[in-house]
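Visitor: Here it is, the structure, as structure tokens.
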Amino acid sequence: MHTPVPDHLLDVLDQCSLDDGEVAGYIPELARVDPAQLAVALCTLDGTVHSAGDAEARFTIQSISKPFVYALALAEHGTAAVLEHVGVEPSGNAFNEISLDPLGRPRNPMINIGAITTTSLASIDPDQRWQRIHSGLSAFAGRELEVDESVYRSELEISSRNMSLAYMVKAHDRLEGDPDRVVADYVRQCALVVDVRDLAVMAMTLANQGRNPITGEEVVPAAICRQVLSVMMTCGMYDAAGDWMSNVGFPAKSGVSGCIMGALPGQVGIGVFSPRLDRFGNSVRGVRVCERLSADMGLHLMQAPEAASHVLHSLGDTPETDKDGDGVRQMQLQGSLHFAASEAALRELARIPEDDTIIEIDLDRVTAINSVGKRMLREGVRRLRLDGHEVRVLDGQQHLGGQDQ
Ligand code: GLU
């Protein structure tokens, strides 16, 4: 059998081959691209990459570099220090606007003014900055990325607007180092060459708490990924962030070369490429592909998981008694134990009267438990014991780490 996933991706591409939109013309080199290209790739948690369409097509990463350089800046300086330089609020302005908050900070790191600021923070040592950006983004991709020198030079020649943004931030004392050099590094990071598979792996690294699913390298800590994905969710799709949230519903970033990268935490990384852009600067067909994938595969973050109401597999007294004749009440839990499921389980446990019954909690049908679920269940066991119950935890898969049996 062949897995149907790549066939499904092909179907999605077939259904999304619209012809509207325009390729970005303001960077001369980008205007030369073949507008008909269309490609998609998905990367799973175990590093499997499925792709369809023009998956070999290479393009410059452009603004999709921004969340990764933000991650590097957070790793270098810590969240609090980075927040002093650049905020996390959606701007409601075009990507290249002078968009400062009342404190004089760029509003977020996904618009140019904020991204140029985070580029300045990517390394404490300005001489190491480009090296760090290059090696950092390559580690996210799991291979050494190259710069498209002609796109780099082409954009550098028309960089007066980005230069003016950098000088504006410098004037507010939020940009580190020399604005001209920072903009050169920013333009260079935008000219790194990727394909949709790279984007899917880079996205999956963010969605996998910072660990590259192919190389196994921990590129940045999990807490940084949470911060980056949050900012992508609210600010990643230019002015269309609200539409994106309601129609697609996973954190994403787009770039003017026509690429979109989506990351659903714990599940999947997505890369899409098609050069024609809508009026917001997002790839027309890329947005459509993401809408379809989200609907078909249930990827919208606000689509509630079903597990919470089904946490209890069974509850009842077993025929067993101990030597004093006390009965055994057995509770079998199932599925994934996060806050809501554990809360429901604890409520069931709370109904048990304070008597001499032995309580057996069977976790063998539990498929996953997060740290909150663990804490809650351990606390429930502790309280049952305080009430005088003997509590046995059947935990063959060591969900609770073997401490409570
Ligand atoms: N290098 C581009 C610029 O600064 C990136 C913009 C984008 O992809 O949104 O104009």
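Glycine too: its Cβ is placed from the backbone N, Cα and C atoms.
Just so you know, TrEMBL annotations never went through curation; they're auto-generated.
Okay, these came from TrEMBL:
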BINDING   S63, N112, E155, N162, Y186, Y238, V256  substrate binding site
DOMAIN    326-405  domain 'STAS'
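Help me picture where these features are in the structure shown.
Guide: If you draw a 10 Å sphere around the CB of V256 (substrate binding site), it holds 25 other CB atoms from the protein chains shown.
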Visitor: Across the domain 'STAS' (326-405), what does the mean pLDDT come to, as a whole number?
Guide: 88
Visitor: How many other Cβ atoms are found within 10 Å of the Cβ atom of Y238 (substrate binding site), counting all protein chains shown?
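Guide: So the number of other Cβ atoms within 10 Å of Y238 (substrate binding site) is 24.
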Visitor: Kindly point out which of the binding-site residues S63, Y186, Y238 have a C-beta less than 6 Å from some atom of ligand 1.
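Guide: Among the binding-site residues listed, those whose Cβ sits under 6 Å from ligand 1 are S63.
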Visitor: Let me know the largest Cα to Cα distance in Å among the substrate-binding residues S63, N112, E155, N162, Y186, Y238, V256, as an integer.
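Guide: Looking at S63, N112, E155, N162, Y186, Y238, V256 as a set, their Cα atoms extend up to 20 Å apart.
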